[in-house]
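Take a look at this one; I'll ask things after.
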Amino acid sequence: MSCTFTALLRLGLTLSLWIPVLTGSLPKPILRVQPDSVVSRRTKVTFLCEETIGANEYRLYKDGKLYKTVTKNKQKPENKAEFSFSNVDLSNAGQYRCSYSTQYKSSGYSDLLELVVTGHYWTPSLLAQASPVVTSGGYVTLQCESWHNDHKFILTVEGPQKLSWTQDSQYNYSTRKYHALFSVGPVTPNQRWICRCYSYDRNRPYVWSPPSESVELLVSGNLQKPTIKAEPGSVITSKRAMTIWCQGNLDAEVYFLHNEKSQKTQSTQTLQEPGNKGKFFIPSVTLQHAGQYRCYCYGSAGWSQPSDTLELVVTGIYEYYEPRLSVLPSPVVTAGGNMTLHCASDFPYDKFILTKEDKKFGNSLDTEHISSSGQYRALFIIGPTTPTHTGAFRCYGYYKNAPQLWSVPSALQQILISGLSKKPSLLTHQGHILDPGMTLTLQCFSDINYDRFALHKVGGADIMQHSSQQTDTGFSVANFTLGYVSSSTGGQYRCYGAHNLSSEWSASSEPLDILITGQLPLTPSLSVQPNHTVHSGETVSLLCWSMDSVDTFILSKEGSAQQPLRLKSKSHDQQSQAEFSMSAVTSHLSGTYRCYGAQDSSFYLLSSASAPVELTVSGPIETSTPPPTMSMPLGGLHMYLKALIGVSVAFILFLFIFIFILLRRRHRGKFRKDVQKEKDLQLSSGAEEPITRKGELQKRPNPAAATQEESLYASVEDMQTEDGVELNSWTPPEEDPQGETYAQVKPSRLRKAGHVSPSVMSREQLNTEYEQAEEGQGANNQAAESGESQDVTYAQLCSRTLRQGAAASPLSQAGEAPEEPSVYATLAAARPEAVPKDMEQ
């Protein structure tokens, strides 16, 4: 009984499963499409019909009609079927359903699936009516418009929700376009809002136009705002490449760049992996890129706040209307002073703007029209100036309705703010006056270790800058090569020094004038009074004159490093002239002079040079007295001091050597005189036999005495050669009882006779003997007297005869020691010729 019940229960359950099939109640399938239900033409589309029973056959219906059938293989039962279309066309657009069947029954239809094929008609455009930027929870109005007379517009939002809105088109008579407005919102910050629009005909609702460009709504969230910057700068020339960087949080996935004047997102940068920097590269900047930019970033945490505003200016728009920039009174201004930058143009700009390098923007001013010149200008007054104003300035013109579109820039204007640090020196090695075609190099140097120097021509707009070089002497130097000179080279120059780490420049150097000759059609004349050759201390006048009208005359000395002299001309006898007077002249003013003429209207442009005039100043150089009318520049003064020190050192060294030699010579002369005196004493004490007055040698029983006598002669001759003193020995009268030997020594300087008498012989006896000698040589005495007036220094040592007394004293005959003979030396002021002839024997 129980078994029968169980069998009946199983049969009932089995029948319950078959009853829906038999009665047509199979579950309806599910129809899907890949990749999307809205596809463009020539896209591969696959329909998937899925069920749960295990059907034998699947059928695809389009617009209510059987479109395609797929029979399943019983060996490989599956619960789905694929219907593929490799290249869909407009004919494939429509409504699709699917169904399936088993061996016994067919299922019902799936839900309706619409396949839209795009790419027909005109492409519409989509814009945010005000801005794509919207706050969280807010609404934004998007406008879709097209030239084609479509009946409908549809707006779609990408994302899992597949939001869409449909509106009837309306004709806009002002734009002659068809359009529709869509209000999108509320916008939430937890997703991206990428919108597109299409147009279609109501009679063909599944054939759409191509999609518009996407507009992504930028939601202002709560995350930290990113930073934005432009490279190479926010002021960019048209057609140049540039990059805008946006840097945000580390988890940022997408960066957005928005031009605030644009009704759509400017650019989107999707990162391959989360990062904190987005790069927006613009290969060629155009007018459309000008404007104010902000950037946003989006990540897993949502949207960030907007960045600060970056104003991008495109220049070079008005290519042929370049403004002009100048500075008054000079591009070099002392710190604390004022300057005026003058921007002008012939083109009627509404505004001028002044910019400085390394700065975002400068000041802008409305233009004013100058009716007399027809120009439009603006005056930018800056002051009091500080070192921060040093740099390069430009000005641009623009219109009020396009403030980010500027003209081509003016020429660069350098501004230099000079301070109080030590001024450098400026010189030229080619001279102050140059002929056209000569090369000119100006040298700026200082004992301060400046890193760079600047050269400025007074009245000019340019400032040249060069890095300095260090010399072995500790100077910093920079050479400015101006090339071949012309009339434009003439002027006054100054230079300045600065350190790399400071924007402040030094005080100005002394001015240096550069004058160019041959610029006036005249040649002046130059004369000198009283003579071309004058004595030191006299007054000299150089007269420069011309028959042509000349405002100023310039006097130049050849080879001088000094600035040329200038004098206003005076009219005299229908000629222009100027007299350059120099009092108390010294030999420093000797040289060749030329003069030139100049007009006040062209101060640094000279006439041709006059004929050269040679001035010679005789007399000693008064080194303690500087030139009365010319001053030496710093460079020449350094050279002069070095030369003076060198000469002084050499002179002192020579003086020391001379004193040393003189002292050594005196010491040697004294030593020789002592030796000679000692030998004379030895000779007089050791001789036993006298020598006759006539020079006949008598018997010499003592050989040592003879040897000493020969030594004495040799010593006297040696003294003659070394000391330069003349020794004139002569024999006294025979009646001299003492038999003493006399030696006459002539001094080096001629004097009158009768200066020194011997210590033994009386002055009267010596004068008597000298008078007897003079009687035989009267002519020689006259020659001697005539030589007394000559200031000639000489010394001649002449050995004549050495006489020794022959007679022995009574004491010697008695055996007593003989008395030593005496050698007398007397100074006489007579020449050698004044000695009596009988004494020379």
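Don't overthink the numbers, they just go from 1 along the chain as shown.
Quick reminder: no glycine exception, Cβ is built from N, Cα and C everywhere.
Quick caveat, the model's predicted, so the values are computed rather than measured.
What Swiss-Prot shows for this protein is this:
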| type | residues | note |
| --- | --- | --- |
| TOPO_DOM | 25-642 | topological domain 'Extracellular' |
| DOMAIN | 239-297 | domain 'Ig-like C2-type 3' |
| CARBOHYD | ASN338 | N-linked glycosylation site |
| CARBOHYD | ASN500 | N-linked glycosylation site |
| TOPO_DOM | 664-841 | topological domain 'Cytoplasmic' |
| COMPBIAS | 690-699 | compositional bias 'Basic and acidic residues' |
| COMPBIAS | 759-770 | compositional bias 'Polar residues' |
| COMPBIAS | 778-802 | compositional bias 'Polar residues' |
| MOTIF | 792-797 | motif 'ITIM motif 2' |
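Looking at the shown structure, can you explain where the listed features end up?
When averaged over the topological domain 'Extracellular' (25-642), pLDDT in the model lands at 88.
Just so you know, the Cβ of ASN338 (N-linked glycosylation site) picks up 12 other Cβ atoms within 10 Å once every protein chain is counted.
Under the three-state DSSP scheme, ASN500 (N-linked glycosylation site) falls in the coil class.
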Using DSSP, what is the helix/strand/coil residue split across the domain 'Ig-like C2-type 3' (239-297)?
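Across the domain 'Ig-like C2-type 3' (239-297), DSSP assigns the residues as follows: 3 helix, 41 strand, 15 coil.
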Only counting partners 6 or more residues apart, tell me which same-chain residues put their Cβ under 8 Å from the Cβ of ASN500 (N-linked glycosylation site).
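In sequence order, ASP451, ARG452 meet the Cβ cut-off.
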